[in-house]
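Here TrEMBL flags 1-40 as domain 'TECR-like N-terminal'. Per TrEMBL, domain '3-oxo-5-alpha-steroid 4-dehydrogenase C-terminal' is recorded for 115-268. Here TrEMBL flags 45-67, 126-144, 156-175, 195-210, 216-236 as transmembrane segment.
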Amino acid sequence: PRWYPARQSIKLDPKGKSLRDEEILQHLPVGTTATLYFKDLGPQIGWTTVFLIEYTGPLFIYFLFYFRMTFVYGLDERFTSSPHPVVNLACICHSFHYIKRLIETVFVHRFSRGTMPLRKIVKNCLYYWGFAAWLAYYINHPLYTPPSYGKKQINFAVIMFLLCEAGNFSIHVALSDLRRNGSKTRKIPYPTKNPFTWLFFFVSCPNYTYEVGTWISFTIMTQCVPVGLFTLLCFIQMTIWAKDKHCTYLREFKDYPSHRMPIIPFLL
């Protein structure tokens, strides 16, 4: 009783996975007696709160650089002049991305796990907030140079960005629909009538595929090295998550589509 449920981890094996809340003791692979191992997971924080904190930071941090606050670039008149049009467009796209994430957090996402360790929020915020500041500093810098191929490159990137954002949102809605009425039962996701969900024919985690596509398009739009590095790190991390989820699907469902790949159709 000293630890609230979210802090408690109960295992059958010290090195095994924690038992899920919905599991029933009589259905576990134990005999008439069983040894259960308890671990205190430490202070916890709800996933909704985690996402709100992680995504609100980049939204406002970016504006500090976009509006060229005097403590960032100085008081020189050159450093307060009107930016190139693509800078305005990049700010709109970046803001739209994180506003969408905040809306999804409140109205769309259904979390299989209610909390995560409080200590991890610092690491996550350093990642999202730090990169937002780094990207914004260079994109909004007075010496920033626009993309090499001008409007054609920018327009292509914007179209790609919007399509990937729409796809990402569609996948999140489809995944949310699998857990209506608060159900935590894992189900195989399948394509719906929405064309953006047809990527489920080829990959297990199309939400990550669209997310990477979003940042690739943002890299093309801004032609900025820090954005490209952030995109690469996103791809690596999301590939790891996608492979883990893909393996979980294969382990839990014997009839899981064998032709699906974790994140990139036919490749990875």
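Each Cβ is built from the backbone N, Cα and C atoms, and glycine gets one as well.
With a cut-off of 8 Å on Cβ pairs spaced 6 or more residues apart, the transmembrane segment (126-144) and the transmembrane segment (195-210) reach fewer than 3 such pairs and are scored as not touching. Here the transmembrane segment (216-236) sits against the transmembrane segment (156-175); at least 3 CB pairs are under 8 Å, leaving out pairs fewer than 6 apart in sequence. Under 8 Å from some Cβ of the transmembrane segment (195-210) lie the Cβ atoms of residues 164-168, 170-172, 174-175, 189, 238-239, 241-242, 245-246, 249, 259-266, all in the same chain and six or more residues away from its ends. Taken as a whole, the domain '3-oxo-5-alpha-steroid 4-dehydrogenase C-terminal' (115-268) shows an average pLDDT of 94 in this prediction.
Across the domain 'TECR-like N-terminal' (1-40), DSSP classifies residues as 6 helix, 8 strand, 26 coil.
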